[in-house]
2 protein chains.
Amino acid sequence: MHFELLHQDKSSQARAGKLVTDHGEIETPIFMPVGTVGSVKGVHQQEIENEIKAQIILGNTYHLFLRPGTEVLEAAGGLHKFMNYNRPILTDSGGYQVYSMSGSRKITEEGVKFQSHVDGSYHFFTPERAIDIQRSIGADIIMAFDECTPYPCDYQYAKRSMKMTHRWLDRCFTQMNNTEPKYGYEQALFPIVQGSVYTDLRQESAKYIADTDSLGNAIGGLSVGEPAEELYAMTEVVTEILPKEKPRYLMGVGTPVNLLECVALGIDMFDCVMPTRNARHGMLFTSEGVINIKNKKWEKDFTPLDPNGTSSVDHFYTKAYLRHLLKTKESLGMQIASIHNLAFYLALMKEARARIVDGTFTEWKNKMVVKLDQRL
Amino acid sequence: MHFELLHQDKSSQARAGKLVTDHGEIETPIFMPVGTVGSVKGVHQQEIENEIKAQIILGNTYHLFLRPGTEVLEAAGGLHKFMNYNRPILTDSGGYQVYSMSGSRKITEEGVKFQSHVDGSYHFFTPERAIDIQRSIGADIIMAFDECTPYPCDYQYAKRSMKMTHRWLDRCFTQMNNTEPKYGYEQALFPIVQGSVYTDLRQESAKYIADTDSLGNAIGGLSVGEPAEELYAMTEVVTEILPKEKPRYLMGVGTPVNLLECVALGIDMFDCVMPTRNARHGMLFTSEGVINIKNKKWEKDFTPLDPNGTSSVDHFYTKAYLRHLLKTKESLGMQIASIHNLAFYLALMKEARARIVDGTFTEWKNKMVVKLDQRL
């Protein structure tokens, strides 16, 4: 796996690059659709490729560990073969899901004990175990096992947690070095910067992560409830320190505006459940702004879903029809809206990349962030 | 609209025909996927055409009347345009759904008062109203407003109900004659034979319906809980009387075995929620028998979903993957299983037709009805 930095925008930190993996190349900046439990909800694999034009998707270690479990995934030859998806896959470490279940988990230096949301059974994740499971899943990009602090988080807790995340990272690297890729292709570990919203902690963590000289680096613990200004400020603090020649992945971010602003700060990779989750509730992201398709105003709007859209659903279905499907809770509505939103996110990143390459990124971005937040 | 009877099987009453509508031709025998509220659940319109290879689908008047309502459907230019589906559509009359809601409906000679399952509002369907609504939906084939008697049903009730259904049919024809097609293409009314499981009533009703000299005829009030023997016996009684040169539609039937047996009795058209409803619960119909894909035995079966299947999902996804998706309640699981089952139903009818044409239908059917009921 290697990253090529192809263009550096002159009036921002935005970059265009190419991440080369054994499952193909990823043009950055890129958005990664979330395929929680081995499926991008409501979307066929062919649609991930042909309609959404995703180049990499994300799987959740916590969910895949519980179901179908590593035994089935190993028997299948890894997640790619299990779901018949042959492009790169990144897995989170399971940490985020585990922490989200406050009350049913316990964090110690050794790891995290938690209870399954499926059957209440108890499990214990350690940095070593998180690596082993991700090896079994067969992720091209394996994420370090970290603690994702909540927001707000007091300084002392954030500092102690960051230090533990760093110690856990060392254990992750040791485990990576002591184990082999499971399925004959490279699996790379990305470490994660923590430090909540404290500049000095973020700087300390970024330096620690930069020093690991990893194939790529991630920023975690953001998009957890903090104001957008904090998200941008922390991202900027960190990208100033992380090596330029490595891809930077901002975890769990965000709205289309968040994406563009963070591309401008030098982020290359994103993931977020927002495009699919909001799709299921009728919120559509478009190049002209946000549509709540359940609103009465779309009831008799028989124009295409999104005339500027890049996927076939944008032109095949109308706003009125999608509204009807979502109002009646028909599965097809969720399917159409998810394809639309994900295709929009991917197209937005594709255009950002083209703008970086042709030198018009900042001007375009400044116009877009106004339009994208409009309510239509 | 007209029907061409192309082949008559020599050793059974099975027939191959062609029903020509303004939205295209339908090769019979045919199965019609159910698109309750303007969508075949979980299936894109292109998949209805290219994967399932449906030639006609069914819409439910009751559901479409409540949502999106005739005002929206008329503004769209009818259901075909609303959902962007350009092949023939048949609508039921709303009667069946209304009667299913025992307790919240009241039947009189004038019509049926019922309460919406969506918002509790009261509505009144009459034969005239059922025709008007189906005109507005824009169905190619409009079904008469009838009373579907439950099973069991005492003789006197069945007889009184049948007589009323006949009077309602006269009102339906009058309303058809007093109104025009809404969207420039032909809309044909199919009357419905009732009479519960009583031979003399079925005969009387079949004669009444045959005398209307309609473009097609339907058999209702079956597949409501009676044993298969009763279903076949009543179907035989009726097909002996209904005109041979007109298509015969057996409403709400059934399993793959039911379909083949009733094709042998001279039925040309079927609809049923079974392939989609059972798909959502993990029951797959295949040419080798029935699969409960949620069973543990499929957990590590990485063979294609159905090697004999006619849709791309059969070859793209594995049994183990579909099992996982349905166990985790992922929407994609329901989508895959629905496409599989519907494609299987359509392929079964296509093969039945080919067997009728080449003279091997009965021999093939007798073998298939054994295989189709096996549990794999």
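The backbone N, Cα and C atoms fix where each Cβ goes, and this holds for glycine too.
Per TrEMBL, the features are:
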ACT_SITE  A:Asp92  active site, proton acceptor
ACT_SITE  A:Asp271  active site, nucleophile
BINDING   A:Asp92, A:Ser93, A:Gly94, A:Gly95, A:Tyr96, A:Asp146, A:Gln194, A:Gly221  substrate binding site
DOMAIN    A:12-371  domain 'tRNA-guanine(15) transglycosylase-like'
REGION    A:252-258  region 'RNA binding'
REGION    A:276-280  region 'RNA binding'
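This prediction places the mean pLDDT of the region 'RNA binding' (A:252-258) at 97. Between the C-alpha atoms of A:Asp92 (active site, proton acceptor) and A:Asp146 (substrate binding site), the distance comes to 10 Å. When other Cβ atoms within 10 Å of the Cβ of A:Gly95 (substrate binding site) are tallied across all protein chains shown, the result is 26. Sitting within 8 Å of the Cβ centre of A:Asp92, A:Ser93, A:Gly94, A:Gly95, A:Tyr96, A:Asp146, A:Gln194, A:Gly221, and not among those site residues for substrate, are the Cβ atoms of A:Tyr99, A:Met143, A:Ala144, A:Phe145, A:Glu147, A:Cys148, A:Ile192, A:Gly220, A:Met251. Around A:Gln194 (substrate binding site), the same-chain residues at least 6 positions away in sequence with a Cβ under 8 Å from its Cβ are A:Asp146, A:Glu147, A:Cys148, A:Thr149, A:Ala158, A:Ser161, A:Met162, A:Thr165, A:Leu201, A:Ser205, A:Gly220, A:Gly221. Neighbour counts of Cβ atoms within 10 Å were compared across the recorded positions A:Asp92, A:Asp146, A:Asp271; the minimum falls on A:Asp271. Remark: secondary structure over the region 'RNA binding' (A:276-280) totals 5 helix, 0 strand, 0 coil, with classes taken from DSSP. Taking H, G and I as helix, E and B as strand and the rest as coil, DSSP gives the region 'RNA binding' (A:252-258) the counts 3 helix, 0 strand, 4 coil. For the recorded site, A:Asp271 (active site, nucleophile), the DSSP three-state label reads strand. Note: the Cα of the residue listed as 'active site, nucleophile' and the Cα of A:Tyr96 (substrate binding site) are spaced 13 Å from each other.
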